[in-house]
Every structure is written in structure tokens, then in C-alpha cells.
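S.K.: This is the structure I want to talk about, given as C-alpha cells.
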Amino acid sequence: MIIKPRVRGFICVTTHPAGCAASVREQIAYVARRGPIERGPKKVLVIGASTGYGLAARIAAAFGVGAATLGVFFERAPADAKPGTAGWYNSAAFHDEAAARGLQATSVNGDAFSDEIKHKTIDAIRRDLGQVDLVVYSVAAPRRAHPKTGVTHQSTLKPIGHAVRLRGIDTDNEAIKETLLQPATPDEIADTVAVMGGEDWRMWIDALDAAGVLADGAKTTAFTYLGEQVTHDIYWNGSIGEAKKDLDRTVLALRDKLAARGGDARVSVLKAVVTQASSAIPMMPLYLSLLFKVMKARGTHEGCIEQVDGLLRDSLYGAQPHVDAEGRLRADRLELDPAVQARVLELWDQVTDDNLYTLTDFAGYKAEFLRLFGFGIDGVDYDAPVEPNVRIPNLIE
């Protein structure tokens, strides 16, 4: 079938298998060009492994180090004439490329928050890997069914204590708009922490440790975004910020647990990129469009694979890791360059409907958004029929 992009709001409801595969190959090629990652991990578990930063981590570990990988994700398979999700096709392509290079790859498809998927993952580690020496936690989800209480928690994107008015882009109409966000209630804050805080990461590490599948010296990291002044009302001072502070508290206990066996636990702070999650946040399309404009002009623009490849080389397995005062690994240094942030702030209130395409890189933002779903990738013939029914070999469900 011939598949074209169909966008509704912040979701593209179609995906292109060949485009997703080409995107995965591009990321592999980037890692290969940079050469081997020295002293890297050998057996890696990535929780949230099918898109964005999690996929990039799996690619960097496999093709930069030669690591065996186990990826956990929650994706929809293709059915009849309906394509699967982008993460499904990304993972299928990863398996194909890993097999071609003789790399061990296992995947588990299901709800990472559930005890069932944790148990299935542990069984797969025992069978295929024995133990893992790196656990990457890269889960982005709007809700979580708590495995112990059965309560479903819904995350909320709201400020705390007062309403906040945010500038942004109505991406459907390509117009500047303002959104008034009302303050979160205490229950909404608690629910957001339950979904996006550190509890599930801790549950994963506790389960892996109790099962004996964490190697001596194992490391774990959870990916997060903090941002700067422009985004702080939402990302640090809002309901999501409380979840991020919970992540910072959680990592201290995990660090103590792993340090007893020569290991380590860190929160890794990554730069703002286009993801399905970020595109749904009212201010982020405008912020990203301005950030792309400024960083591309300076030659410092990076995407997921550049960020995570650098994180592994420079910080997780580098001799001189970039660590902030709170002990987080920082890969977002170029975004937070004072000159970059000053220029973004300077342009923030100047953007109008008329100059949207000149003051910002909204065109680049839109292109990156479509790439998430396999569209706009160089070398792919989007007028040619493509087979949507792609399988993932040896998938555990």
C-alpha cells in the first residue's frame, strides 16, 4: 500500500515502515562514523526502547559498543491494512540491523509499569543475557496503572500555585496562540508524580536486583529534561517539575544500592527535541522552533542520537563525566549556553503569524515531527507501495 502522512493535532495517524527503517539506519550510521565507544556496556536493558531517546540509547549501545540489548516497549503491531506504530517499525528495523551484524537483540512488548512485564523481562534476561550491566529508563507515558494498588494515575501538565499564560504555536493553523493553564490541584500533582516520578524506575531496579540479574558494577540512568527560564514554569515549577524532583530523590537511594556492588545510578539531563510527548505541550513547538533556529545558526544543533551517543562516550563511560551540583549527568550544555538562551528569549515575544517562518525554524520543527513517523527521510520513495505487515522476530508479549 502507498502510505502518506495524515496529521491530527500533535499526532500523525499514519506511519511509514520503510521510512522508520531508514531513520534507524541513519542513526546507526552516525554512531558508526564516531567509532567504537570505549569501556562501554556489554549487556543492556532499555526500558522504553522504541522511539526517541530510548531507541537512540539502544542503537548507541548495540552499534557503538557491540552490546547485546533487551528492549522493552509498548507498541501496536500492524493489522490487516492498518500500519503499526512508528515504534513497532523502528524496533523491527533495529532487530534486522542487529541480526545482520551478529548482535544479540531481544524485545518485550507490553506495559512497562506492570509486574507482568517486569517478570517477563527478567526471565528473558536470564535466558538470553544472564545479567545486564546497564539499565536505561526512558519511559514517557500519560498514565500509569499502579501494579500494587490497581489505581490508574493520569499525569497533568499544569503550573503550581498560580495560573500561567503560555505563548505557543497552533500547529494545525500555523498561528501563534496563547494558552492559559490553571494551577494543578494536590491530587493532580500526586498523580503526575505517580506517573512520571521515580517510583517505577526504583521498582525495576529493585526487581532486577532481587532476581540476581544485575551484574556487579551495573549502572542505571533515567532520562529527563529540565530546560531553562523559558520553560521553567512548566518543566521545573509545575506538576511535571514535582515528578522530576521525585526522580532526583529516587536516584540517591538507587545510587547507594548499586554503589555497594561497584555500580552507579544517575539522572541524565538531555536537550529539548521533537517527540510525540513534547509536541503536545503548548509552548514546546514554539520553543523548539526558536531553539532549532538559534542552534543551527551556531552549528550546535543535535537530535536524539547525537545526544545519547555523546552521553555514553563522554559521561556514562567517559573519563571526565559532565556532572552538575546535584549529581546529574548533563548532555544539555549546548542548549543551556547563555548566548543561546538569551537569543531565544529575545525572539520569544517577537514571533507573529507573519514572521513565524523567518524568525523561527518552524519548517525544521515540522520536518522533525514527520520524521518521528517515518516521513521525510532521504532516499525513501513515498510514492511506491510498501508492505505494512512487518514482524519483530522472537518478540515476547
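Every residue, even glycine, has its Cβ placed from backbone N, Cα and C.
The following feature annotations were taken from Swiss-Prot:
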- 48-53, 74-75, 111-112, 139-140, LYS244, 273-275: NAD(+) binding site (BINDING)
- GLU75: site 'Plays an important role in discriminating NADH against NADPH' (SITE)
- TYR225: substrate binding site (BINDING)
- TYR235: active site, proton donor (ACT_SITE)
S.K.: Would you kindly give the Cα-Cα distance separating TYR235 (active site, proton donor) and VAL139 (NAD(+) binding site), rounded to the nearest Å?
M.R.: 16
S.K.: Give me the CA-CA distance between ASP111 (NAD(+) binding site) and TYR235 (active site, proton donor), in Å, as a whole number.
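M.R.: About 25 Å separate the Cα atoms of these two residues.
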S.K.: What subset of the recorded positions GLY52, GLU75, TYR235, LYS244, VAL274 lies within 10 angstroms of the residue listed as 'substrate binding site', using C-alpha positions?
M.R.: TYR235, LYS244
S.K.: Looking only at GLU75, ASP111, which of these recorded positions has the biggest number of Cβ atoms within 10 Å around its Cβ?
M.R.: GLU75
S.K.: Secondary structure at LYS244 (NAD(+) binding site) (DSSP, helix/strand/coil)?
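M.R.: DSSP call for LYS244 (NAD(+) binding site): helix.
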S.K.: What Cα-Cα separation, expressed in whole Å, is found between GLY52 (NAD(+) binding site) and GLU75 (site 'Plays an important role in discriminating NADH against NADPH')?
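M.R.: The separation of the Cα atoms works out to 14 Å.
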S.K.: Under a three-state reduction of DSSP output, how is VAL139 (NAD(+) binding site) classified: helix, strand, or coil?
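M.R.: Its secondary structure by DSSP: coil.
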S.K.: Can you tell which of VAL139, VAL274 has the least company, meaning the fewest other C-beta atoms within 10 angstroms of its C-beta, among these binding-site residues?
M.R.: VAL139
S.K.: List every residue in the same chain as GLY48 (NAD(+) binding site), at least 6 positions away in sequence, whose Cβ is under 8 Å from its Cβ.
M.R.: GLY54, VAL72, PHE73, ALA112, VAL136, TYR137, SER138, VAL139, ALA140
S.K.: Tell me, by DSSP, whether VAL274 (NAD(+) binding site) is helix, strand or coil?
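M.R.: Looking at the DSSP assignment, VAL274 (NAD(+) binding site) belongs to neither helix nor strand, so coil.
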S.K.: If one looks at the chain holding LYS244 (NAD(+) binding site), which residues at least 6 apart in sequence have a CB under 8 angstroms from its CB?
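M.R.: Once residues fewer than 6 apart are set aside, LYS244 (NAD(+) binding site) is near MET196, GLY197, THR224, LEU226, TYR235, TRP236.
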